[in-house]
(Lines of atoms letter the chains of each structure in order from A and count residues from 1; the text may use other names and numbers.)
(Lines give C-alpha, C1' and ligand atoms only; values in the text may rest on other atoms or scores of the structure.)
Protein backbone atom coordinates (compact mmCIF):
# COMPACT_ATOMS: atom_id res chain seq x y z
CA UNK A 1 0.00 0.00 0.00
CA UNK A 2 2.85 2.38 0.88
CA UNK A 3 4.69 1.36 -2.30
CA UNK A 4 1.72 2.28 -4.48
CA UNK A 5 1.49 5.72 -2.79
CA UNK A 6 5.17 6.41 -3.48
CA UNK A 7 4.79 5.31 -7.10
CA UNK A 8 1.75 7.60 -7.53
CA UNK A 9 3.82 10.59 -6.56
CA UNK A 10 6.54 9.55 -8.93
CA UNK A 11 10.29 9.47 -8.41
CA UNK A 12 11.87 12.76 -7.36
CA UNK A 13 8.56 14.43 -6.38
CA UNK A 14 8.66 16.74 -3.33
CA UNK A 15 7.29 15.49 -0.07
CA UNK A 16 4.38 17.99 -0.14
CA UNK A 17 3.23 16.87 -3.61
CA UNK A 18 0.46 14.38 -4.31
CA UNK A 19 -0.91 12.55 -7.30
CA UNK A 20 -3.41 15.36 -7.93
CA UNK A 21 -0.73 18.12 -7.98
CA UNK A 22 1.32 20.24 -5.61
CA UNK A 23 0.00 21.21 -2.23
CA UNK A 24 -1.61 24.72 -2.27
CA UNK A 25 0.10 25.58 1.01
CA UNK A 26 3.48 24.78 -0.56
CA UNK A 27 2.70 27.01 -3.54
CA UNK A 28 1.71 29.91 -1.25
CA UNK A 29 4.92 29.51 0.75
CA UNK A 30 7.01 29.45 -2.42
CA UNK A 31 5.27 32.58 -3.72
CA UNK A 32 6.12 34.43 -0.54
CA UNK A 33 9.76 33.40 -0.90
CA UNK A 34 10.10 34.95 -4.37
CA UNK A 35 11.82 38.35 -3.93
CA UNK A 36 9.93 41.34 -5.28
CA UNK A 37 11.54 43.10 -8.21
CA UNK A 38 12.08 46.83 -8.53
CA UNK A 39 9.15 48.49 -10.29
CA UNK A 40 10.32 51.28 -12.60
CA UNK A 41 7.98 51.85 -15.53
CA UNK A 42 4.76 51.94 -13.51
CA UNK A 43 6.26 54.45 -11.06
CA UNK A 44 7.63 56.94 -13.59
CA UNK A 45 4.49 59.07 -13.94
CA UNK A 46 3.81 59.19 -10.17
CA UNK A 47 7.48 60.05 -9.68
CA UNK A 48 7.12 63.09 -11.94
CA UNK A 49 4.11 64.21 -9.90
CA UNK A 50 6.03 63.74 -6.66
CA UNK A 51 9.04 65.66 -7.99
CA UNK A 52 6.98 68.63 -9.17
CA UNK A 53 4.85 68.77 -6.02
CA UNK A 54 7.85 68.64 -3.68
CA UNK A 55 9.71 71.22 -5.77
CA UNK A 56 6.84 73.71 -5.41
CA UNK A 57 7.28 73.59 -1.64
CA UNK A 58 10.23 75.91 -2.17
CA UNK A 59 7.92 78.89 -2.63
CA UNK A 60 6.27 78.79 0.83
CA UNK A 61 9.63 77.74 2.29
CA UNK A 62 11.26 80.89 0.91
CA UNK A 63 8.40 83.10 2.06
CA UNK A 64 8.55 81.69 5.59
CA UNK A 65 12.32 82.18 5.74
CA UNK A 66 12.03 85.81 4.63
CA UNK A 67 9.67 86.46 7.56
CA UNK A 68 11.70 84.59 10.18
CA UNK A 69 15.25 85.57 9.21
CA UNK A 70 16.37 88.74 11.04
CA UNK A 71 17.65 91.71 9.02
CA UNK A 72 21.02 93.30 9.67
CA UNK A 73 21.05 96.91 10.84
CA UNK A 74 23.88 98.94 9.35
CA UNK A 75 25.01 102.55 9.54
CA UNK A 76 25.56 104.56 6.38
CA UNK A 77 29.06 106.07 6.20
CA UNK A 78 30.80 108.26 3.69
CA UNK A 79 32.82 105.33 2.38
CA UNK A 80 30.93 102.18 1.37
CA UNK A 81 30.09 99.57 2.39
CA UNK A 82 27.77 100.31 5.33
CA UNK A 83 29.08 99.20 8.72
CA UNK A 84 26.96 96.78 10.80
CA UNK A 85 26.04 97.86 14.29
CA UNK A 86 27.46 96.00 17.26
CA UNK A 87 26.45 92.29 17.26
CA UNK A 88 24.32 92.78 14.15
CA UNK A 89 26.77 90.82 11.99
CA UNK A 90 25.76 87.69 13.88
CA UNK A 91 22.46 87.74 12.00
CA UNK A 92 24.31 86.47 8.93
CA UNK A 93 24.75 83.19 10.79
CA UNK A 94 21.18 83.30 12.08
CA UNK A 95 19.88 83.56 8.52
CA UNK A 96 21.79 80.42 7.52
CA UNK A 97 20.65 78.42 10.55
CA UNK A 98 16.99 79.35 10.07
CA UNK A 99 17.07 78.26 6.45
CA UNK A 100 18.88 75.06 7.45
CA UNK A 101 16.27 74.20 10.09
CA UNK A 102 13.40 74.94 7.71
CA UNK A 103 15.02 72.68 5.12
CA UNK A 104 15.44 69.86 7.63
CA UNK A 105 11.81 70.14 8.72
CA UNK A 106 10.61 70.18 5.11
CA UNK A 107 12.80 67.15 4.34
CA UNK A 108 11.39 65.15 7.25
CA UNK A 109 7.82 65.95 6.21
CA UNK A 110 8.64 65.08 2.60
CA UNK A 111 10.12 61.71 3.53
CA UNK A 112 7.13 60.77 5.69
CA UNK A 113 4.56 61.97 3.15
CA UNK A 114 6.19 60.08 0.28
CA UNK A 115 6.47 56.94 2.40
CA UNK A 116 2.71 57.02 2.96
CA UNK A 117 2.28 56.41 -0.79
CA UNK A 118 2.31 52.68 -0.05
CA UNK A 119 1.59 51.45 -3.58
CA UNK A 120 4.51 53.48 -4.98
CA UNK A 121 7.21 52.71 -2.45
CA UNK A 122 10.60 52.07 -3.97
CA UNK A 123 13.78 53.67 -5.32
CA UNK A 124 12.02 55.52 -8.15
CA UNK A 125 9.83 57.55 -5.81
CA UNK A 126 12.78 58.05 -3.45
CA UNK A 127 14.90 59.55 -6.23
CA UNK A 128 11.99 61.79 -7.24
CA UNK A 129 11.53 62.99 -3.66
CA UNK A 130 15.25 63.74 -3.21
CA UNK A 131 15.49 65.54 -6.56
CA UNK A 132 12.32 67.51 -5.82
CA UNK A 133 13.71 68.45 -2.40
CA UNK A 134 16.91 69.75 -3.96
CA UNK A 135 14.92 71.86 -6.42
CA UNK A 136 12.71 73.07 -3.56
CA UNK A 137 15.78 74.18 -1.59
CA UNK A 138 17.16 76.09 -4.57
CA UNK A 139 13.78 77.65 -5.32
CA UNK A 140 13.28 78.51 -1.66
CA UNK A 141 16.62 80.28 -1.53
CA UNK A 142 15.90 82.30 -4.68
CA UNK A 143 12.35 83.19 -3.71
CA UNK A 144 13.33 83.84 -0.10
CA UNK A 145 15.90 86.44 -1.13
CA UNK A 146 13.35 88.05 -3.43
CA UNK A 147 10.71 88.19 -0.69
CA UNK A 148 13.27 89.57 1.78
CA UNK A 149 14.42 92.30 -0.62
CA UNK A 150 10.84 93.47 -1.11
CA UNK A 151 10.13 93.33 2.63
CA UNK A 152 13.16 95.41 3.63
CA UNK A 153 13.25 97.75 0.66
CA UNK A 154 14.48 101.27 1.50
CA UNK A 155 11.89 103.80 0.39
CA UNK A 156 14.10 106.91 0.41
CA UNK A 157 17.78 107.55 -0.16
CA UNK A 158 19.54 107.17 3.22
CA UNK A 159 21.69 109.99 4.52
CA UNK A 160 25.08 109.81 6.20
CA UNK A 161 24.78 108.39 9.70
CA UNK A 162 21.38 106.80 9.10
CA UNK A 163 20.70 103.28 10.36
CA UNK A 164 18.92 101.06 7.85
CA UNK A 165 17.92 97.41 7.80
CA UNK A 166 19.53 95.19 5.19
CA UNK A 167 17.59 92.19 3.94
CA UNK A 168 18.69 88.73 5.15
CA UNK A 169 21.28 86.93 3.07
CA UNK A 170 22.31 83.31 2.47
CA UNK A 171 26.07 83.20 2.20
CA UNK A 172 26.55 79.44 1.86
CA UNK A 173 25.21 77.02 -0.71
CA UNK A 174 25.60 74.01 1.58
CA UNK A 175 22.25 74.81 3.19
CA UNK A 176 20.57 73.60 0.00
CA UNK A 177 21.48 70.02 0.93
CA UNK A 178 19.52 69.97 4.19
CA UNK A 179 16.11 69.13 2.75
CA UNK A 180 17.16 66.38 0.28
CA UNK A 181 19.42 64.72 2.85
CA UNK A 182 16.67 64.76 5.48
CA UNK A 183 14.14 63.32 3.03
CA UNK A 184 16.51 60.51 2.00
CA UNK A 185 17.41 59.71 5.62
CA UNK A 186 13.79 59.54 6.80
CA UNK A 187 12.72 57.41 3.82
CA UNK A 188 15.68 55.07 4.34
CA UNK A 189 14.95 54.65 8.05
CA UNK A 190 11.30 53.87 7.34
CA UNK A 191 12.28 51.36 4.64
CA UNK A 192 14.71 49.62 7.01
CA UNK A 193 12.08 49.54 9.75
CA UNK A 194 9.47 48.07 7.36
CA UNK A 195 11.44 44.92 6.61
CA UNK A 196 9.27 43.64 3.73
CA UNK A 197 10.97 42.78 0.46
CA UNK A 198 8.44 44.94 -1.44
CA UNK A 199 8.20 47.60 1.32
CA UNK A 200 4.53 46.70 1.75
CA UNK A 201 3.41 47.66 -1.77
CA UNK A 202 1.20 44.58 -2.09
CA UNK A 203 -0.69 45.56 1.04
CA UNK A 204 -1.69 48.94 -0.40
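From the backbone N, Cα and C atoms, a Cβ is placed for every residue, glycine too.
In TrEMBL this protein carries:
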REGION    1-21  region 'Disordered'
COMPBIAS  10-21  compositional bias 'Low complexity'
TRANSMEM  42-65  transmembrane segment
TRANSMEM  96-117  transmembrane segment
TRANSMEM  124-141  transmembrane segment
TRANSMEM  174-193  transmembrane segment
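Sequence-distant neighbours of the transmembrane segment (124-141) (same chain, 6+ residues past either end, Cβ-Cβ under 8 Å): 38-40, 43-44, 46-48, 50-59, 61-62, 65, 99, 102-103, 106-107, 110-111, 114, 117, 170, 175-180, 182-184, 187.
Tertiary proximity for the transmembrane segment (174-193) is limited to same-chain residues at least six positions away from its ends with a CB under 8 Å from its CB atoms, namely 54, 96, 99-100, 103-108, 110-112, 114-115, 121, 126, 129-131, 133-134, 136-138, 141, 199.
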